[in-house]
Amino acid sequence: MPALGCCVDAAVSPPPGYSFLWDSSLPAPEIFPSGVPPSTNTAVATTTTTHWSPAHSSALYSIDGWGAPYFTVNSSGDISVKPHGTDTLPHQEIDLLKVVKKASDPKNLGGLGLQFPLVVRFPDILKNRLESLQSVFDYAVQSQGYEAHYQGVYPVKCNQDRFVVEDIVKFGSGFRFGLEAGSKPELLLAMSCLCKGSHEGLLVCNGFKDAEYISLALVARKLMLNTVIVLEQEEELDLVIDISKKMAVRPVIGLRAKLRTKHSGHFGSTSGEKGKFGLTTTQIVRVVKKLEESGMLDCLQLLHFHIGSQIPSTALLADGVGEAAQIYCELVRLGAGMKYIDCGGGLGIDYDGTKSCDSDCSVGYGLQEYASTVVQAVRFVCDRKNVKHPVICSESGRAIVSHHSVLIFEAVSSTTTRSQELSSVDLQSFVEKLNDDARADYRNLSAAAIRGEYDTCVLYADQLKQRCVEQFKDGDLDIEQLAAVDGICDFVSKAIGASDPVRTYHVNLSIFTSVPDFWAIDQLFPIVPIHKLDERPVVRGILSDLTCDSDGKIDKFIGGESSLPLHELGSNGGGGGDGGKYYLGMFLGGAYEEALGGLHNLFGGPSVLRVSQSDSPHSFAVTCAVPGPSCADVLRAMQHEPELMFETLKHRAEEFVHNDDEQEEDKGLAFASLASSLAQSFNNMPYLVTNSSCCLTAAANNGGYYYCNDENIVGVGAESAAAEEELWPYCVA
């Protein structure tokens, strides 16, 4: 322990803002006679005196990096959505806070009464992503003189939501966009949707297969769907040959090759020679020979490979595509009827806006560089081998759907750092009860403060706290005295300009349900307040969810941060303005998160809102609103029977009321009230209700769905809506 101030001249005046009690013989201290000492952190001091604008928030949260071209901050300090990307006109931008208010306001105020958490989908962004992907490949094909075309395939595992898949088929029908399935239910889904799509769109059948899966894929072929059965295992070939002959269907076969090329990040584990999927070169040769012996070598038409999701650089991409193109050319040489090369997934998303090649959260390229690299690598190998250029496919699901949905949730409360205030008498009494070592720490803390040795103050404060904790464990200090120690240590940290403690913001969310990849693989997503961005965030915090699990928190953020800049909550939670609410948004989570979410603590999925750009006063129309699963829904998912549970509880309530000493009329009212309360609990979502006036069961009168045909969006809200109180346009069936 540093020998500081064991004997200090009492005449030495303390620094501004300090006065510590030495012992009971000294006069009572003054608390903050002249304010706290100036912070030694000049950067913080400078920042706190500057004007804050939406541009500052945009830079602070890197919104222009990860959000471009779909998300920005408007002049009101709200997140603004550009549904058509760079082609969005100023009057077409959608204020996300207004969408949230439309969703959550009570129905009698023109809202939909939906409960949080809430996923907001923007099909216009989905359309723009598809068109952008097709456009960059079309440009690469044309500019490089490539003699075939590109046609994409959407892997439905990324997001199997009905409207998402149907939108992709509809938006992509003009350029032969197809679907990929990896299981029997996904195959059924894809078959049904592609009946309304392009007849040239591919139906790629991946995943492990049994006889039923293969039979179903061949049925799809009979239904004139452009179906390709991709061999993941060598053993699947025998089933394909046998069943296709029995069904008298000539199959189109693909095979997945295990490449030597792989990347070292988390998502590269499915690639390389030891990857989970695909055939080795030895197995490929055997497959070719068996097909030739069966007179079906012409059926082999597609080569599939997958370097891994989130390919970090175009150099690695070119290496992998070049290797696959060599295999493709060898299959042509061996007599296969090759037509397609399927690059699989890998087109990455820049989650943190850094355009870095060294992180799973970013990639060092854009759409155009990706497309140009793929086309160039295939063309180079095929030209050298004098092989006809194949149709290029990719399964870029993450790149297609990540941007189109935003998860919105509320911060309902936060931990406070308010210290216990002690009078001079209480402080003297506290010091007298300390043991000798703790009292020495307190005196040394006082001396260090008087000398202005602020770093040493922190050291002695920590030692004092630890010794007092030990005294408390031994029963020598009571809980009020331990709280006083915490108060003194907090006082020291604040007074000397030490960094403010990180607060915990409690959010109305389940990490396990809505952000499972953060819990499972530390995947980071940009999280930002969707409003108040014209105000300076004054605290830093981590996010803690509703589950009874220590893993139910988000304490890592993009940019390598362990906390997030946040705004102060009001005394009752929320953000003070905007009706006292404080809303946060998680962006770029449109791929995988909904499909992977579980039911930990029986918290179900979020409410869902589908929003399209329109010519209405607020620039949007709600085309579909679905309340999240109720308590009854999640109980039913775990094999409980909510109806029987309700009857059991209602019977118990009836017994309770019957045995109560009330008038018969009052008993009837009491029973009705209890039964109604129980029914409401089953019908409500499992999450917190932060506004008792809102309608929690938005589906009560309409079976759970608000919807309209997309054609009806055109012209919706054409009526005058100048007044802010006027109902925002939406369609309700």
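Every residue, even glycine, has its Cβ placed from backbone N, Cα and C.
Model, not experiment: these values are computed from the prediction.
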Record-annotated pyridoxal 5'-phosphate site (Swiss-Prot): member among Gly346, Gly353, Gly552, Gly628 besides Ser309, Glu395, Ser396, Gly397, Arg398, Tyr592: Gly346
Packing count at Glu395 (pyridoxal 5'-phosphate binding site) (other Cβ atoms within 10 Å of its Cβ): 27
Separation of alpha carbons, Gly346 (pyridoxal 5'-phosphate binding site) and Lys157 (N6-(pyridoxal phosphate)lysine) (Å): 14
Pairwise CA distance, Gly397 (pyridoxal 5'-phosphate binding site) versus Cys548 (active site, proton donor), rounded so that it is a whole Å: 33
Binding-site residues compared (Tyr460, Tyr592) - highest count of Cβ atoms within 10 Å: Tyr460
Spatially closest candidate among Ser309, Glu395, Arg398, Tyr460, Tyr592, the listed binding-site residues, to Cys548 (active site, proton donor) (Cα to Cα): Tyr592
Inter-residue Cα distance where the pair is Asp549 (substrate binding site) and Tyr592 (pyridoxal 5'-phosphate binding site), in Å: 22
